[in-house]
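Note sheet for the following structure.
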Amino acid sequence: MGNRGMEDLIPLVNRLQDAFSAIGQNADLDLPQIAVVGGQSAGKSSVLENFVGRDFLPRGSGIVTRRPLVLQLVNSTTEYAEFLHCKGKKFTDFEEVRLEIEAETDRVTGTNKGISPVPINLRVYSPHVLNLTLVDLPGMTKVPVGDQPPDIEFQIRDMLMQFVTKENCLILAVSPANSDLANSDALKIAKEVDPQGQRTIGVITKLDLMDEGTDARDVLENKLLPLRRGYIGVVNRSQKDIDGKKDITAALAAERKFFLSHPSYRHLADRMGTPYLQKVLNQQLTNHIRDTLPGLRNKLQSQLLSIEKEVDEYKNFRPDDPARKTKALLQMVQQFAVDFEKRIEGSGDQIDTYELSGGARINRIFHERFPFELVKMEFDEKELRREISYAIKNIHGIRTGLFTPDMAFETIVKKQVKKIREPCLKCVDMVISELISTVRQCTKKLQQYPRLREEMERIVTTHIREREGRTKEQVMLLIDIELAYMNTNHEDFIGFANAQQRSNQMNKKKTSGNQDEILVIRKGWLTINNIGIMKGGSKEYWFVLTAENLSWYKDDEEKEKKYMLSVDNLKLRDVEKGFMSSKHIFALFNTEQRNVYKDYRQLELACETQEEVDSWKASFLRAGVYPERVGDKEKASETEENGSDSFMHSMDPQLERQVETIRNLVDSYMAIVNKTVRDLMPKTIMHLMINNTKEFIFSELLANLYSCGDQNTLMEESAEQAQRRDEMLRMYHALKEALSIIGDINTTTVSTPMPPPVDDSWLQVQSVPAGRRSPTSSPTPQRRAPAVPPARPGSRGPAPGPPPAGSALGGAPPVPSRPGASPDPFGPPPQVPSRPNRAPPGVPSLGAWRLNSPQGKHENRAGKARL
């Protein structure tokens with residue numbers, strides 16, 4: 001390793017894993033570890049048991065590992081195990097460890113083969129292990145059993161992906177030697193998440209269970225199916241050995257004997273077996289941790305910074321002792337009052353750019369929604385004239401009137417003024433709704449104190465409801481005042497003498513087309529929604545609304561005018577949204593049943609939000625475009641059908657002049673009333689409702705809270721908030737401790753360099769067999785080339801039968817190469833004769849293809865020269 005500090009890297013990661021496992025998944029740290037993946041019954045758990053030297057993992061048929069097991073091996077003088085979920089309890093009997101794993105698995109997954117991604121953390125202290133951190137994962141399977149869901153294959157795959165996709169996770173791909181390696185589930189998933197092979201280590205199990213005459217030598221030499229980090233072979237205990245109580249110490253000795261005695265593996269014996277695998281994994285994991293420490297430190301620091309902000313908020317709002325609760329309550333009430341005032345009055349700091357504040361919404365109600373509601377009550381022209389004619393006739397009675405009666409004017413005006421009550425009361429209701437919404441927005445900061453938040457909302461809302469009655473009484477009083485006296489001497493009232501003149505002036509204005517003053521009321525983007533697909537579909541244009549017309553342009557530069565529409569005889573109506581449309585639509589139509597735009601009876605205009613629609617409607621009101629009344633069509637049809645009630649055909653010229661005079665007078669006086677109401681309503685609501693509520697919050701809210709009872713009850717935190725605060729504080733301290741520990745580690749040691757890349761394109765080929773079972777790499781001896789006998793002999797001697805064609809040495813015995821001169825990089829030390837550079841003609845380990853190839857002929861000539 002180079003220094004003691006580097007040897008402590010793996011225990012450091014173990015401590016980090018324990019710390020962050022204890023506080024839950026919120027840490028989301030990519031800690032360095034080794035994930036053991038493989039198919040079902042590939043021998044993953046047996047490899048881990050060999051590491052520990054004890055039987056401690058559940059065994060059986062089918063899927064046995066049903067939850068991830070985070071196994072932390074720690075080199076120690078004493079031997080025992082600890083579970084994270086059983087803190088303080090030491091397990092010295094490893095049979096109890098097995099039972100605890102099974103019991104903990106069943107607690108989460110059930111007893112009938114269910115799986116769960118929640119890991120079990122097990123730490124094993126032993127003098128027989130090296131420092132390692134491994135994760136034993138469920139074996140990949142295809143067919144569900146027991147109560148497993150039909151998608152068990154994908155659930156297990158998703159669980160594996162949670163571990164192996166992390167860049168800091170080494171992948172221990174376990175594959176049995178007695179199955180096709182190219183179809184290995186472990187290597188497939190490793191290739192998918194680690195295409196460069198930088199994190200994958202291959203392990204070949206069940207070498208002793210291969211068919212007689214076959215071996216996996218070329219695979220273990222990393223020649224046939226190469227991996228960048230290579231392969232390591234191990235021999236686990238068979239089920240017979242386990243049933244016979246063969247301990248792992250004896251199994252490791254048998255494994256060592258197997259590699260030393262097997263003719264295909266003895267030259268690799270020093271690089272095979274469980275002890276060597278454990279050593280390699282320790283070295284690789286340590287180097288991997290060293291390489292990933294800088295990134296881990298940066299991630300810890302960034303998480304610490306984000307947590308510090310939240311922890312500071314908890315410090316500001318968390319009273320830890322009863323003496324501070326009163327002070328904290330006072331601070332929160334003051335903060336609530338300030339927030340409420342800022343949302344109503346507006347503020348230059350911390351401006352919300354995503355939605356309108358309460359004050360801005362109330363402003364829209366005062367100056368857009370309320371005027372629109374007033375005009376929606378606009379009287380129908382024909383109905384109004386009919387009512388005026390009836391009033392004049394009824395006032396005259398049996399007599400024929402010579403003058404226009406002013407009582408008809410007063411009767412009609414009072415009837416119209418009474419209609420204003422409904423929009424005024426609706427305006428109060430809308431403002432109250434916005435005030436209550438603003439109160440709830442301001443109390444969001446108190447969500448960690450649910451009792452205080454609930455009580456504060458109740459007190460303020462109750463006060464608003466109390467002021468609602470007082471405000472509505474005052475509004476009704478304003479309407480009654482208007483009804484009490486008709487001020488026909490008002491400076492804005494045209495009077496009887498000017499009524500006829502005004503009618504004549506309006507007619508002249510229409511004919512002359514007054515172009516001297518054109519007031520632009522509104523500009524903005526709108527979408528024409530009802531253009532057919534054949535004509536281009538819906539398009540967005542820049543609209544300009546004036547008192548005379550509505551124009552739209554290609555863009556907001558207003559250079560290319562598309563169309564101009566006069567606002568005379570136009571009205572508004574709402575249009576329902578389409579099935580797939582998210583826009584809000586309103587339409588313009590002509591009251592004289594004419595086409596509005598080209599061959600369209602109505603012009604449908606679309607906005608992104610309902611607020612924009614309301615704002616445009618208010619702008620159209622200023623231009624004299626009023627909304628369609630619900631009963632317009634019905635009343636018009638009734639009037640046409642009822643000929644006796646139609647005054648259009650029965651009015652004499654004198655009555656018609658009188659009706660027109662009264663009509664102008666009513667129009668003039670109602671304009672004065674509407675102007676007065678539009679001016680007084682915001683003032684009344686501000687004085688009686690909004691300002692009064694602000695004053696109540698500043699002066700009386702705290703006293704009302706104190707009168708509710710025990711302040712300690714009000715200041716009780718919610719269980720969820722207390723738990724979250726405790727979790728964040730634990731994580732905060734864990735992150736600080738982790739950064740402190742990492743800062744003390746010396747990471748200057750030179751690690752083993754990464755092996756060079758290899759050609760691993762074989763992983764994409766599904767027909768390559770598992771190991772070097774035969775010279776032709778066939779999975780079964782029956783598929784050998786016909787020129788070579790099918791079975792491998794038990795020794796390195798010549799095989800029976802005639803020598804293959806092209807053999808230069810015939811049946812000569814094998815000639816060992818000189819010590820130290822072998823080109824085989826996997827050979828043993830020089831004092832032991834290395835593997836022959838060339839094979840006798842009957843040895844199928846090299847194959848007839850090598851002897852027939854130019855390379856084989858070159859080796860034959862080299863052998864003759866040495867002889």
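Backbone N, Cα and C define each Cβ position, glycine as well.
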235-238, 367-370, 759-762 - the range that Swiss-Prot marks as region 'G5 motif': 235-238
Range among 38-45, 142-149, 630-637 that Swiss-Prot annotates as region 'G1 motif': 38-45
What residue among Tyr80, Tyr265, Tyr563 has an entry for phosphotyrosine in Swiss-Prot? Tyr80
Record (Swiss-Prot) lists phosphotyrosine for one of Tyr314, Tyr354, Tyr553, namely Tyr354
Can you tell me which of these residues Swiss-Prot lists as omega-N-methylarginine: Arg107, Arg465, Arg796? Arg796
Check the candidates Ser61, Ser306, Ser581, Ser807 against Swiss-Prot and report the one noted as phosphoserine. Ser306
Note: among modified residues Tyr125, Tyr354, least Cβ-dense neighbourhood at 10 Å is Tyr354
Give me the long-range Cβ neighbours of Tyr80 (phosphotyrosine): same chain, 6+ apart, Cβ under 8 Å, in sequence order. Lys90, Phe91, Thr92, Val124, Tyr125
What same-chain residues lie close to the region 'G5 motif' (235-238): Cβ under 8 Å, and 6 or more beyond its ends? 43, 46-47, 50, 205-209, 246, 248, 251, 254-255, 258-259, 273
Do you know the DSSP helix, strand and coil residue counts for the region 'G3 motif' (136-139)? 0 helix, 1 strand, 3 coil
If you average the pLDDT over the region 'G3 motif' (136-139), what number do you get? 84
Helix, strand or coil for Tyr125 (3'-nitrotyrosine)? Use DSSP. strand
